[in-house]
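For reference, TrEMBL has these:
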- 9-363: domain 'Cation/H+ exchanger transmembrane' (DOMAIN)
- 14-32: transmembrane segment (TRANSMEM)
- 44-65: transmembrane segment (TRANSMEM)
- 71-92: transmembrane segment (TRANSMEM)
- 139-159: transmembrane segment (TRANSMEM)
- 221-241: transmembrane segment (TRANSMEM)
- 261-283: transmembrane segment (TRANSMEM)
- 304-327: transmembrane segment (TRANSMEM)
- 339-363: transmembrane segment (TRANSMEM)
Amino acid sequence: MPGFPPIEMKPEGVLLLVLPPLIYSAGVSMSWREFKFNLRPIALLAVGCVIFTTCAVAVAVHYMLGLPWGVGFVLGAIVSPPDVIAPLAIARRLGLPHRILVVLEGEGLANDATALILYRFAVMAVSTGAFSLSSAAGSFVAIVICELLFGIAVGWLSLRLRQWAGDPRVEITLSLLTPYLAFWVPEHAGGSGVLATVVAGLYVSRNGPLLISAATRLQGIFFWDFATWLIEGVLFLIVGFETRALVEASKSLPVHDIISAIAITTVIVIVARFIWVFPGAYLPRLLSKRSPGATNEPPPRRGIAIVGFTGIRGVVSLAVALALPLTLDNGDPFPHRDLILLVSFGVIFLTVVGIGSTLPFVARVLGVTEYGHFEAKHEREKEIAARRELVAASRKELNRIVKERQLPEGLARFLETRHEMRVRALPDPPAKDGEFTPATRGAIMVREIISIERKLLHKLLREGKITDETRRRIERDLDLEEAVVDNREKNSPL
């Protein structure tokens, strides 16, 4: 930015500060049950496709651009992991089938670990000038096993400490420290830290609901949503400053060479994903019908095509590119560092703009959105059935409590009123296309009523009839009521 001094940050500081909370947040948001059920397609994309793309980029830039093998693998590892945030947001807005969303989310969660391990090996090979495939394979297996165990241990410790703390502010602080503990220790020991952070997040996702208090959960959702949004924004801001410095430093490079490198690498990462996804989806099923994560029905071609078209690169590639060392172990400048960063930023920009802008059109042409809307309505029906089952069970338990404990009349009336309110709050069945359910019409009216109450509340404050403290307490109740209404409408299939 003109007039602003360049931001100085050690390359490794980007990974250590930015990456852990982003990865951990994605892990906590992921359903362990869905992850386990779709383990095979997720593993094939997160491990197989990342390795395949890394190798494809390395081969292409070596033979077409003349870059050394080590530099090619560094670039390949940086641009190989697709981002999950942008395509997942688009896919949800389009109403794509649930399984596609799960596979994309699981891939985005696990592919970062694969890419970062490959990146570390590639940087080490460039720095030392030596590389052994057998040694790297053995180290890869050892890193995976150790980080799996360490991630579980960190997740277990985090939940126990949060359960003991019992204060939402302390619990959220502990949740923020968890990813850094899971990441920094393995990273300092020579690993990547990503896999341990992913596993810690999945462990909390699997075991946290019964141990984390409701207040912590509600406050934590808002905190982590804002934190991840802020971190991603800061990361792109750093890229803006870094790009200016790169442009100045790379004036000696021919513009044609830079454009060619960006174009070739972008085409390779897109084509490599398409080449991988179709055989990756069908060959394992033909070879072994009982492999982990297998499902009975064959994956639809249209769904596979959409998965192949979602290779947008994003924040992880940015963070890894910015973390590229400035010098080798002997003090020499890291070879082609400026070119690697420029190509990485270019690939990210082209995939975000190109794929992000055309994904809705491709999804509609393939017709996958229609099945997604049908699936959403079916899921809504199951949700309504589950809610009714919960209310019926609570009615049965309420009758037992009132009968056995001989409750005072006031307490019994309070419990009866609560149950009646839950019955009235049950959602309506999905309406026909083009129609609104009574609950949807009611939500509109509730918002209008709450808006009138807010205006009256502030009028009472201006007239001095209530204090600011009273206004805040009442306004908080109105906010909670409106949030409940918004949540019900947001989850509606309409």
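The backbone N, Cα and C atoms fix where each Cβ goes, glycine too.
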Stretch contact, the transmembrane segment (304-327) with the transmembrane segment (14-32), Cβ-Cβ under 8 Å, 3+ pairs: yes
Stretch of maximal Cβ-Cβ contact with the transmembrane segment (261-283) [cut-off: under 8 Å; candidates 44-65, 139-159, 221-241]: 44-65
Which of 14-32, 44-65, 139-159 contacts the transmembrane segment (221-241) most, counting Cβ pairs under 8 Å: 14-32
Distant-in-sequence neighbours of the transmembrane segment (14-32), which means Cβ under 8 A and at least six residues beyond its ends: 84, 102, 105-106, 108-109, 112, 176, 178-180, 182-184, 187, 193-194, 197-202, 204-206, 208, 224, 227-228, 231-232, 234-235, 238, 315-316, 319-320, 322-323
Outside the transmembrane segment (139-159), six or more residues from its ends: residues with CB under 8 Å to it: 113, 117, 121, 174-175, 178, 181-182, 185-186, 191-204, 207-208, 211-212
